[in-house]
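> Okay, handing you the structure first.
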């Protein structure tokens, strides 16, 4: 009996010891695999730059920065996070270092660092160590050229024609930064711009800039070398077109004659009405010439943009320093609308014409009122022609 009890005790103890040994072995094996997997991940090459998380709002001009930028996962968006911008090129053994003032130009963006500007000294340093320097990234830039006027002169047509060119990127909507939203700041304005590659031109159009007193000074504050395009049209026809557009939105608008003339008996023209005032091109140009030289302007004929769009577009492309890509082959004349449209682009089912708001039929205006307006504008037109050195053929 005693032996039987002792044997059972030893047997139970052996089973318990066996279970403990199995558990311990499993823990050891699990730990071993865990550390093996961790070591494998650590030894694998890490991608130092995630192309899918690039904020394209910033100008990145060197592919080298792809390698220098630490992953956003390693350095989260927090003040005081480390910036390991020291690196040794394995092929040459040369140490690459970004100075403190260069690092200061970097900015936290969406959880990671992105360079806003690459100093020339850094480019030279990288190139000297055999690291290629190229700009393959899009970025948002301030416009190098702006269509500043005039309303109902053909600015929308010009912008759409320019968009055919592969080296032109333009904002669709009118930003109205220099006349309405200047207090929002230049960064707000820049962020409205489309992304462009090196060699492409950023453009925008806001026709009211030409008649806004503060616009030339404000624009020059941004860049006094900006190229300025003004599309002008016979001021009498332009005023009627302006009135027609307003009438479509406000059917109860008074007659054109009552708005254009202060007194129908004297025939005195009311220059306080914006539709009349916009046509005083010479006075508006004088304001702009206080801040920009005449060589920075191109004056496009709204009439010739209709009768000879390819010819006017040739002048525009030359002014912008672009290859003449937009030509006769891109246009056809739409008899219904009365102005040229773009032929069917590749991949499109139909040609591209401006919206139905363009080409509206004008109301009938009495010949007496038209003659009074032509007499009123004649001296201003003559002065504008002398200032620009162009004959626009207006009576």
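Just so you know, glycine gets a Cβ as well, placed from its N, Cα and C.
In case it helps, TrEMBL gives these features for our protein:
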{"type": "TRANSMEM", "residues": "16-35", "note": "transmembrane segment"}
{"type": "DOMAIN", "residues": "143-378", "note": "domain 'Sulfotransferase'"}
{"type": "BINDING", "residues": "152, 153, 154, 155, 156, 233, 241, 358, 359, 360, 361, 362", "note": "3'-phosphoadenylyl sulfate binding site"}
{"type": "ACT_SITE", "residues": "152", "note": "active site, for sulfotransferase activity"}
{"type": "DISULFID", "residues": "341-353", "note": "disulfide bond"}
{"type": "REGION", "residues": "345-364", "note": "region 'Disordered'"}
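I would like each feature placed in context: is it buried or exposed, what are its neighbours, and how far apart are things?
Per-residue pLDDT, averaged across the domain 'Sulfotransferase' (143-378), gives 93.
The Cβ neighbour count for residue 241 (3'-phosphoadenylyl sulfate binding site), using a 10 Å radius over every protein chain in view, is 22.
Every protein chain considered, the tally of other Cβ atoms within 10 Å of the Cβ of residue 152 (3'-phosphoadenylyl sulfate binding site) stands at 23.
Counting Cβ atoms from all protein chains shown, residue 341 (disulfide bond) has 21 others lying within 10 Å of its own Cβ.
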> Does anything in the same chain, at least 6 positions from residue 154 (3'-phosphoadenylyl sulfate binding site), have a Cβ under 8 Å from its Cβ, and if so what?
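In sequence order, the residues whose Cβ lies under 8 Å from that of residue 154 (3'-phosphoadenylyl sulfate binding site) (at least 6 apart) are 231, 233, 300, 302, 305, 306.
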> Closest of the binding-site residues to residue 353 (disulfide bond), Cα to Cα, picking from 152, 156, 241, 361?
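Nearest listed residue in space: 156.
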> To the nearest Å, how far is the Cα of residue 361 (3'-phosphoadenylyl sulfate binding site) from the Cα of residue 341 (disulfide bond)?
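On Cα coordinates alone, these residues lie 17 Å apart.
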